[in-house]
Number of protein chains: 2
Amino acid sequence: MQAVTNLVTGASSGPQYLTGDKPAIDAFIAKFDVFLFDCDGVLWSGDHLFPLIPETIAHLRSLSKRLIFVTNNSTKSRADYAKKFHTMGIPCSEEEVFGSSYSAAIYISRIMRLEPPKNRVYVLGESGVEQELASESIPFCGGTDPLLRREMLPEDFKRIADGSLLDDDVAIVLTGLDYHPSYLKYALGMAYLRRGAHFLATNTDSTLPSAGTLFPGAGATSAPLVTASGKQPLALGKPGQAMMEAIEGKFAFERARACMVGDRLDTDIRFGIEGGLGGTLCVLTGVSRKEEFLGKGRGVVPSAYVDSLGDLLG
Amino acid sequence: MQAVTNLVTGASSGPQYLTGDKPAIDAFIAKFDVFLFDCDGVLWSGDHLFPLIPETIAHLRSLSKRLIFVTNNSTKSRADYAKKFHTMGIPCSEEEVFGSSYSAAIYISRIMRLEPPKNRVYVLGESGVEQELASESIPFCGGTDPLLRREMLPEDFKRIADGSLLDDDVAIVLTGLDYHPSYLKYALGMAYLRRGAHFLATNTDSTLPSAGTLFPGAGATSAPLVTASGKQPLALGKPGQAMMEAIEGKFAFERARACMVGDRLDTDIRFGIEGGLGGTLCVLTGVSRKEEFLGKGRGVVPSAYVDSLGDLLG
């Protein structure tokens, strides 16, 4: 291990490699009361569960650690996500899940607090976004509306230009990962932004890990709106600290006694470091490689890393 | 008119306003043998022809000017475009049209010259791209293939990850304006780019003028691939000078006696200035406003401007 000063974490040495080092693992775990977990790339990749995950989660629960599953996945609501945990054989309550769609809904309902009737949200995303908006009683349109999953017709250009296809109550454009993009949906989103709608994103991850490789993420499927409007959305997912504040507000924990566990340096680990958490743990089963934080010229550096989350069992 | 030095064009005064000034119009026209025209935003907006366009084109032809219609619109082939001119009541031959899809096809067949069988092009775009690739005998896939206009299925993630849904002969990803984007198409394009395919774009216009307003352009519909791959495409449309060289190679004209006419400072006018043409004329019927090139802190500045192309009739 290199004894260099770590400018990002403030630690005086490089990240600690925990895999296979039982005493170091036990000491690391003992430092924290709360573990914030990223899910995709940490617990599973798509529908593929990584080895020893249920056992590792059960082990941490047996040590009375509080577990919070923080995900930028906007396509699922907290309820959907808790179901996925059960399907995967990991007991989990809906209350332990904190997703970027929920984070966005909280931001809209409790921070923005727009007055009706001009408070509708135009959604570019899947049902997870819609469910969380509904849970906060926020009116919305777009999203999974089957009427929008069609070709752009010549009259649509005219009806968007003259406003007759637009909803005058839309005040916010909210983008998440959209598996059903269409030119019509992008054209509508662009028109609302040109009319002055607020631009929010559940998250802006450029890629989505699945099936052992990478696919376009929410930042990719919302990129046409960014390019076409020339505006950047406010992102309500990791690594944005609006999400950390919402999590802390809900769960009331001591940041110094919390550890963020994730596979992405630029979202998960950065989220923990910028949030002033007591520690960050990078797992190498997802996007980031150890070469990115070891050696010279490093950017975001975790406190510790393991090859796989199951290594925490020792 | 402001007597300021124009750093971009090198002219010693600001742009000349020609509307309503018959002697200035005649003198301006007399300086050129060749006029390169942008089309959308200059001749028409979508299907709306601007006033006096056929008459203005006929007037320039009567003065023996050579006319070249240079368009970044990638959805139409040269043949399609010539048909649109006829529909609009403007006589025009296919040979007078130079589109960004044709420019890309020329670049692939005559500059890149990839050896078969690994020379197939994965197209994210419409039939104009396909027709021009076919005209240069370049093999392609993707594009308007109806099999790709469907939902991304769970097995698609696996089949893209294991390569079974990919075509091993693809060596180039070429993006143009796509009115039928889908997650599957973006995921395939991303996979080819991750395998090392060359990344080309017919053009990267962020917006598309139509029906008097702006819609997402080719740069917007291809943005998911840029975001997801972290790579930038080589653009074969305006303002890229690869297109100017191809036009000059085909039409053999003297640049000092040529004028670029367009509505966008950042594509059309920049294209003419960087190409060292004798002049540039901005028309105010499209994207750019005169405030962008008049007054202080100006960027790209045309030699002259008119409210509408029809003003050239004087």
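Each residue, glycine too, has its Cβ placed from N, Cα and C.
Listed by TrEMBL as binding Mg(2+) are A:D38, A:D40; the candidate from A:D169, A:D178, A:D205, A:D263 that the record includes in that site is A:D263. Every protein chain shown contributes to the tally, and the Cβ of A:D263 (Mg(2+) binding site) ends up with 24 other Cβ atoms within 10 Å. If you draw a 10 Å sphere around the CB of A:D40 (active site, proton donor), it holds 21 other CB atoms from the protein chains shown. Checked against A:K238 (substrate binding site) by C-alpha proximity, the recorded positions A:D38, A:D40, A:D263 yield A:D38 as the nearest. Each of A:C39, A:G41, A:V42, A:L43, A:T71, A:P209, A:G262, A:R264, A:D268, A:V283, A:G286, A:V287 belongs to the same chain as A:D38, A:D40, A:D263, is absent from that list, and has a C-beta within 8 angstroms of the C-beta centroid marking the Mg(2+) site.
All protein chains shown were included, and the count of other CB atoms within 10 Å of the CB of A:K238 (substrate binding site) stands at 30. Each residue contributes its Cα atom, and for A:D40 (active site, proton donor) and A:D263 (Mg(2+) binding site) these two points are 8 Å apart. Sequence-distant contacts (6 or more apart, same chain, Cβ under 8 Å) of A:D38 (active site, nucleophile) comprise A:V70, A:T71, A:N72, A:K238, A:M260, A:V261, A:G262, A:D263, A:R264, A:T267, A:D268, A:G286.
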